[in-house]
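*Asks:* Pulled these from TrEMBL:
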- 33-476: domain 'Major facilitator superfamily (MFS) profile' (DOMAIN)
- 82-105: transmembrane segment (TRANSMEM)
- 114-134: transmembrane segment (TRANSMEM)
- 140-162: transmembrane segment (TRANSMEM)
- 174-194: transmembrane segment (TRANSMEM)
- 206-225: transmembrane segment (TRANSMEM)
- 325-348: transmembrane segment (TRANSMEM)
- 355-377: transmembrane segment (TRANSMEM)
- 389-410: transmembrane segment (TRANSMEM)
- 422-442: transmembrane segment (TRANSMEM)
- 454-472: transmembrane segment (TRANSMEM)
Amino acid sequence: MVTADRHEMKENSTHMLSISRKKNHMSLKLGLSVVGAVLGSFQFGFNTGVINAPEESIKEFLNETEYHRTSHHMSKEKTTNLFAVIVSMFAAGGCLGGILAGWWAEKFGRKMGLMLNVVPGIIGAVLMYFSVLAESYEMIIVGRLIIGFNCGLYTGLTPLYLSEISTPSIRGALGVLHQLGVTFGILVSQILGFPEVLGNADLWNLLLGLAIFPCLFQLVVLPFCPESPRYLLISKHKEAEAKLALVAIRGTSDVDEDLDEMKQESRAQSQEEKVTILKLFTSQSYRRPLIISMVMQLSQQLSGINGVFYYSANLFKSAGLSPSTATHATSGVGGVMVVMTFVTIFLMDRAGRRTLHLVGLGGMFIFSILMTLTLSLSDKVDWFTGGSIAVSLLYVVFFAVGPGSVPWLIVAELFSQGPRSAAMSVSVLVNWIANFLVGFSFPHLKDGINDFTFLPFTGLLLFFWIFTFIYVPETKNKTFEEVGAMLKSNGVGAKKQADNEESHLNFILSS
């Protein structure tokens, strides 16, 4: 009898291990779907960084175009303002794309929404490339606006699609891939923007026009990817198609458990009315997760990371590097972002979202103080000049650990299928607006308080750390229904539930 029981326990254990392996299995279709989605993230990163290197060449083109039209050169002030318009149009388009991302995802679907978004991406890239031939700087402005709209949609669609095709056990790792695509796109744009490559007076329009290639690659990859099964079942009530998509993504026919979980969410949603953006703000039941989502997005953009990118060239120059070498060395910041984001993929589903965000914000808080000290005292302590470079790189490391990835991932996890698209739209819009405000205000902040520029961000980082510690729940390995139940328990459980995660962080990092 004892032998029989042991045999049965062994079989049950083997069965559970088999199920666990299936849940963590990366099938060919899932891998292909991830690549297709993350190409959109790469597009966002590439167009974020691509405009910086050819700044002087573009300003020269503006001046020459004006002279050919009017026989008068532009004033320095007009050139500067016009270039600022070119830069800011990307954020303006991003805001529009961001607010429409939820509607777009529900109207066309996650996969088809990504495919249709290729069209504005191609149009924007073509306009920017042919601007030189047409002698029209207006084409650059319109192209940047359209490509911004394209990237705004990507920042909503990509995290949404990745979260819905993954299982709870690997959702964190797949979610980080969005940020990895963004950082890799920034790095590639920095390298291609070197003066000896494409960032010069002869080839800068080709550099901007390269934005067409991620779109073309998506047109090749996405037709072979399945639609989000969660969208098919819950939003479109197509159970048969949802099951086929699940089988393709999971690489196994044993998808009953996933299907049952989605059906349970569908039944819960059927009892609720359709959630619009207005409903998100007026319904008390969505207030807490919505506030958390918006503050998480603000913690990314108001962390001061854009200031580091802005300041890095000056830091390297002050350390004694030539302007050309300093420009090349700045790409090291992009390299650090890529490496650390890659490392975060393996930590996200082990350490947890909340823990990593706290570690990231805490590290940035400490190094923002050290950055202020090294910058303000560099004329009195010789080694502080080199120290400021090291401190800025460590600042970037901690950004990549938490604030770089977690905000994009956690929004999709805080909401059920009904309000998820609208919540993504609001969060993406908040992120783009904060991005625009920081980009616009940082140069003025730097001119006003010089070496103490990072002090306001130090205060904000402390606020974001306290908010995360008190209010943000841990969503690691939780189904959407379980996360929803946690959020309804008045918020006290969020802190308690993550205490064990934090107590084991050192063990996790060392294993």
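Here the Cβ of each residue, glycine as well, is placed from N, Cα and C on the backbone.
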*Asks:* Counting only CB pairs under 8 A, let me know which of 114-134, 140-162, 422-442 has the most with the transmembrane segment (82-105).
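*Replies:* Between the candidates 114-134, 140-162, 422-442, the best contact partner of the transmembrane segment (82-105) is 140-162.
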*Asks:* Sequence gap of 6 or more, Cβ distance under 8 Å, 3 or more pairs: do the transmembrane segment (174-194) and the transmembrane segment (389-410) meet that?
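*Replies:* Yes, the transmembrane segment (174-194) and the transmembrane segment (389-410) are in contact.
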*Asks:* I'm checking region-level scores; what's the whole-number mean pLDDT for the domain 'Major facilitator superfamily (MFS) profile' (33-476)?
*Replies:* 87
